[in-house]
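As given in TrEMBL:
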type: DOMAIN; residues: 54-201; note: domain 'Heterokaryon incompatibility'
type: REPEAT; residues: 416-458; note: repeat 'ARM'
type: REPEAT; residues: 457-499; note: repeat 'ARM'
type: REPEAT; residues: 499-541; note: repeat 'ARM'
type: REPEAT; residues: 540-582; note: repeat 'ARM'
type: REPEAT; residues: 581-623; note: repeat 'ARM'
type: REPEAT; residues: 622-664; note: repeat 'ARM'
type: REPEAT; residues: 663-706; note: repeat 'ARM'
type: REPEAT; residues: 705-747; note: repeat 'ARM'
type: REPEAT; residues: 746-785; note: repeat 'ARM'
type: REPEAT; residues: 786-830; note: repeat 'ARM'
type: REPEAT; residues: 830-872; note: repeat 'ARM'
type: REPEAT; residues: 872-909; note: repeat 'ARM'
Amino acid sequence: MPLAIRRADMRLLKIAAVLNWSQLKVYEDVDAEAEALQVPYADTDDELWKRVVTISWRWAKRKPGANEPGFSPMSDIQFRELKATLQHAVDSGAEYVWIDWSCVPQDYSVDSMVEVLRSKVFYARARFMYILPTFEDLPEGPVGVILDEARKVLGTRASAAAADETESLQCAVAESVIGAILEKNRTAGREYFGRVWTLAERMARHGRSEGLCNWLSLESWLGMVVDAMVKSTEDKDSSIIYKKMLGQNAAGLLKEVLGPLAKAVRLGGVQAEACDGLEDKVADLCVAAVGVWLSPSNLEEAPTREWLKMYLGQEARSGIYQAWSEADRVWAIYSYFCWKRLDQRSEAGLRMALDDLAETAGGDKGTYVQGMYAQLGIAPEMDRQQDKLEAAPTASQWWLALVLCGNTNKVGAQAAEITRLVGLLKSRDINIKKKAAMSLMTLAQDDANNVAIANAGGIPPLVKLLDSSDTGIQEQAARALASLAENDANRRVAIAKAGGIPPLVKLLDSSDTGLQQQAAGALAKLAVNDANQAAIANTGGIPPLVKLLDSSDTGLQQQAAGALAKLAVNDANRVAIAEAGGIPPLVKLLDSSDTGLQTQAAGALAKLAENDANQAAIANTGGIPPLVKLLDSSDTGLQTQAARALAKLAENDANQDSIAQAAGIPPLVKRVRGSSDIGVQKWAAWALANLAVNDANQVAIANAGGIPPLVKLLNSSDTGVQEQAARALANLSVNDANQAAIVQADGISPLLKLVLDSSDTGVQEQAARALAKLAANDANQAFIVSDIRPLVGLLNRPDSRTDLHMIAAGSLATFANINIANRAAIANAGGIPPLVRLLDSWNTDVQEQAARALAALADKYEASMVLIAKAGGIPPLVKLLDSSNTGVQQWAARALANLSENDANRVAIDKAVETSLLVKLVHDSWDTGVRSRSSLHMHPTYISITWQIHLPPPGAAFRARRVRAGRSQWALRVCMSYEVLAGCTAGGGNERGLAMVGGAGLPVSSYHWVLYLNLPASDCGLAVRSLYLELVRQLVCARGPAAVLIPSTNMHIYLRYCWCVRPAS
């Protein structure tokens, strides 16, 4: 290390200070004296570094182009995880942490090259390195269902693999971690291992024999694998690094999963044949990933010349590693091989760094670094010298430019010709540049030529031409880039990486209308990409686009409105467009005489209306009446966007009234009835569905004749149309008269068919909702129950969403509660086994509805009692008595009460309670200070409960231990005075029992038995719940239990047990 770098000050943060921060502070905001240790690197020793932890992390947000006070690249979730990690590090003896954002100068005027050069030493010398990934929500759709099914497979394997202790342990651990991911509905992001800067940080730990388990938690690692698996359904490059890390066998498992998973995501379910056994493959992958996490590091990256040669020649350009900028691919690894201080911000510094790395790698650098020069958009030094010799264009260049411009066919140009044209873009003659740009613009109208242009390296020079002083060249370049961005996601990314967004935004302020129009059009095409949406906004693109809406040129207005519509896909951009004053001019454009302009304006308003505040703003600006008027346009595209905007606006309660007052319901019904366009049908039905939340609108839609055409749309070939039509009918059926109208329109049959046959879970859900609402009408129940198979079928679909399970189980509970005939129909249709299976769902709402349905099925119907027991329903029902959800507790208790009418079931319930693990935990959770025993005896004429308990004298102290949660275990010490009273209520009378319950015989006529406990100390509530839980479990075996613990404000605990006892016949 050069002496100047050794003597330069370095910074380590005090962990104790960071733990008190509300967010990660930027370098310049850190109190260097109170919150950090700031010393020359030369003054540090090994003893200090033994107390240091470094954080290798993936920034959640890119550093802005200019200083923004209060900005932090670390998300709130990341910062919470950081603080938890640092607390663990403190427990292991760490005192200081090095993290780049707070320890490297971030001031844009300061050179940070010193820290870049020596940061590898910090990562190498620190005692610990911890990885901090980004975090993302699990996507909606089948992914959560597939993971839950894989979790169950892992649980089964953990029990079955008892002979193989390692396999059993890995399955059990994987099951637990996947369960935690599902519970949080969040995974760690895959991007960390695919970033070039984090690659450099891991390389610093080379030679330590550290595994992944030393760097990050298993939950984070499995979350990354899951995220890579999911993202690979859209982008195959997402899993490249994970295939490398997992090793050959596990990488093969990942490859096997990706095809079926992509199909499941595309179809919205796993019913396709190709998806069979997908949960087993995912389970295999999870177990393999656990093994990789436990094993020593198998990462191949190392600061060696052979690795560097491979990196420069292949990996830096293969897509395996990502970076904020192309230059980062050089700077991130430069310091591992060279100590030279270079200017990171200049092209000359970048060229020198690349040449130094090539020299270090050795060999014929022409064979592996020429691609890097092209990717970075710089020329090797010898090429630059050659350029200087070309002071004027040659005759052949003139001839080539003219011929290619005038005579090259638009379609099917030769790749060689395109390559030569791309080369002419770099000419020093402005006329040749213009001719070449015009030729490429013309050729780019055909997508086959776009592929050749991109492959020939045409994007960087076209981007460079946007800064030309010639407006004609700028316009041709912008138009060519717009064509290149139109149909290819990779080219949109490439244009952004080449720096195309800032100059295009700058051109929006041009005085040339044609140039503005082409720039706005190019930005609209680029804004299809999520990252580009944010980049355009961050570059300041929204205000000038809003300003262009007031142009007198309709073409320019249309391009600006189209760009804003694409940008408004992003949540933050919707707010920014409104704040820039975008809503009033867009509403004004709805009255334009140009249909294309109206369509773009309505489309932009539709996207903006996905924001709650914007819904009110659009209405307040007078946007609803012109949108209603546009429903009568003869243009289906305009009808679609107008209906879409009204559908989103109708999510607002006040707007529902406003749309009705603007006479919006009849034209929406007209579009549903008369249009053959799927887009118009879907959005008109969507709007009616949202309007139908309003009671008055339910009547108005029916009066406008909306119900028959909505029923007709249930037979559409498009699932989106079907879903919205079913949702509209579900909302309309809240009205009694509408229920009858839906039946008269023959709506029940297609709804039943959709529930039974549709492969779309959204369609099934809305159809089931509609049927559940229609079932409130007595006349409809018999018709629906006549074929109960569709609802039962929903329970059997492993790819169904949990809300769909909940609706189906709830509907069956409603039907079963009506009469014994319905219970028999549900049982005969095979409804009991899937309901029992749903008791094990991770979703408590599903558990509650499944328990409710089983309780209704077992009510005075012997056949269902037997079938529920045979399906294994008793153990999970007993387990649910300990649920944290009181609704689940109550319905599980009700189901057990009804099941206990059967003698065999009563024995089974008793056995299930006695073997309950929870009862054992309660017994084991008390010190010798408290002992309790309880027993239950059932007689033909009365029930005898014996409860013996020994408590310390009043005022004495005792300790209750809770079951260990995570790594923490705590004890509760309570000074308690107590009073125990037992009461018996018979025929409305009250009698006080003794302070100790013992051999209390309760007559058959007794209806309630209540146990009162008066405990003044609030913390006693926790102890009492555990102490009397065993009593509750024992009482479950009596006939008709319903056990509830209710703490009141004064912390009296009421434990109530109700039953109805009938004499033996």
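Every residue, even glycine, has its Cβ placed from backbone N, Cα and C.
With a threshold of 8 Å between CB atoms, the same-chain residues lying at least 6 positions outside the repeat 'ARM' (705-747) that come near it are 665, 668-669, 672-673, 678, 681-683, 685-686, 688-689, 692-693, 695, 698-699, 754, 758, 760, 762-763, 766-767, 769-770, 772-774, 776-777, 779-780, 783. The average pLDDT computed for the repeat 'ARM' (746-785) is 77.
Helix, strand and coil residue tallies for the domain 'Heterokaryon incompatibility' (54-201), in that order: 83 helix, 19 strand, 46 coil [DSSP]. Broken down by DSSP into helix, strand and coil, the repeat 'ARM' (830-872) contains 30 helix, 0 strand, 13 coil.
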